[in-house]
Amino acid sequence: MNDEEIYSEDAAHYLPVFTRYKIILDHGEGPYVYDTQGKKYLDYLGGIAVNVLGHNHPALVQAISTQAAKMIHCSNLYYTEAQAKAACQLSKVSGMDRVFFGNSGAEANEGAIKLARKYAHMSDPDKSLIIAANNSFHGRTIATLTATGQPKYHEGFGPLPDGFTHVDFNNIKQLEEKMDDKTCAVMLEAIQGEGGVHVPDADYLQKVRALCDKYNALLIFDEIQCGMGRTGTFFAYEQFGVKADIVTLAKGLAGGVPIGAFMTSNKIAAAFHPGDHGTTFGGNPLACAAANVVLNAIQHNGLMENAKAVGAYLTEQLKGLQRKYPALIKEVRGRGLMIGMEITQPGRAIVDECLKEGMIINCTAGNVLRFVPPLIITKQHVDELIPVLDKVLAKHN
Ligand SMILES: *Cc1c(COP(=O)(O)O)cnc(C)c1O
């Protein structure tokens, strides 16, 4: 198909739920992607915080190819070495006893919600309330959509399930007022992603932990976007000195192969019995082989240190632009290579113009330019971004 045919087939046949950019991507190499015209782009979006090892990473390609040649899928009725290895690695990095693999972030959160409910109901059948944050994002299934604290995603999909409510992120007083013995779980992103890259105060998550302990409620951390080494530690919550009862991962976990996971302790896991949860595809050897490469690379190839160092450099450079354009740039915030630049106008035009200049960035929450690149980028890649961004921002100042 030529480009025009691809656009017209998509327009005729694909469900029109995405606002796409008008380029057709063909292949990638490290932090770069190339369109069908051969134009090169530096990828500061990384497939939305997914391509943590960049594109076409040799070890990842090798592992996927080798596993595909052996076996792609066999169902969870049998054991595979790839799955056992991935579960073992994840429980080591998280300090959690048990792991369950699904295929996406929404599925990971859906499983976490089911587990929290089942666990709470063992002590009290009315202990059902899940408290999540305004501005959060937890997925698109009916339950995770309900957990997502953004009314625009709810519109038209009711009736939504009972037992969910929201409080402002980083507002401990509101949480305190909502919580009681009927609270089943509090579900939070340690650093909010889609909502605009919001980092909580240093002691907020510790206070949330204390409230959960007081009311015997579970704390669920959705690390789907902020986890996998992106913020400089394997999980973002580590930087706040707290531990959750259930943690979810997805996006970067297998470097682009669909996967999701939730992890928990033996005590909580004991609420689930054979038949209580399941999946056909989840944890298949192909996805797990990919996850094993990524988990290995993050722990042993210095990617967390790189995310921290290059992230600090990128933040500093973006703050330089903020000083240059104070009326346009309101704030630069984030941790490691999860950075948001809040501007005082809608971000779409800036994203479009950066794309024309060969720079892939993204805008979330309407006016927050978001940088979640592969964790392999270097200072040179930052030096490639900044002059382009400067030139584009100058036109909007
Ligand atoms: C992307 C995301 C999800 C949903 O993941 P999907 O794979 O799209 O279902 C959930 N939580 C957070 C924090 C995310 O960033």
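A Cβ is built for glycine as well, from the same backbone N, Cα and C atoms used for every other residue.
According to TrEMBL, the protein has these features:
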BINDING   G105, A106, F137, D222, E223, I224, Q225, T280  pyridoxal 5'-phosphate binding site
BINDING   R140, T279  N(2)-acetyl-L-ornithine binding site
MOD_RES   K251  N6-(pyridoxal phosphate)lysine
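Listed binding-site residues: Q225, T279, T280. The one with the lowest count of other Cβ atoms within 10 Å of its Cβ is T280. Around G105 (pyridoxal 5'-phosphate binding site), the same-chain residues six or more apart in sequence whose CB sits under 8 Å from its CB are H138, G139, D222, I224, T248, A250, K251, G260, listed in sequence order. Residues F137, D222, taken from the binding-site residues F137, D222, E223, are distinguished by a CB atom under 6 angstroms from ligand 1. Put plainly, the binding-site residues A106, I224 were compared by Cβ crowding within 10 Å, and the winner is I224. Take G105, A106, F137, D222, E223, I224, Q225, T280, the residues named in the record as contacts for pyridoxal 5'-phosphate: the widest Cα to Cα gap among them comes to 25 Å. Less than 8 angstroms from the CB of E223 (pyridoxal 5'-phosphate binding site) sit E189, A190, F235, A236, Y237, V247, T248, L249, each of them six or more residues away in the same chain. The number of other Cβ atoms within 10 Å of the Cβ belonging to D222 (pyridoxal 5'-phosphate binding site), over all protein chains shown, comes to 32. For the recorded positions R140, K251, the largest tally of other C-beta atoms within 10 A is found at K251.
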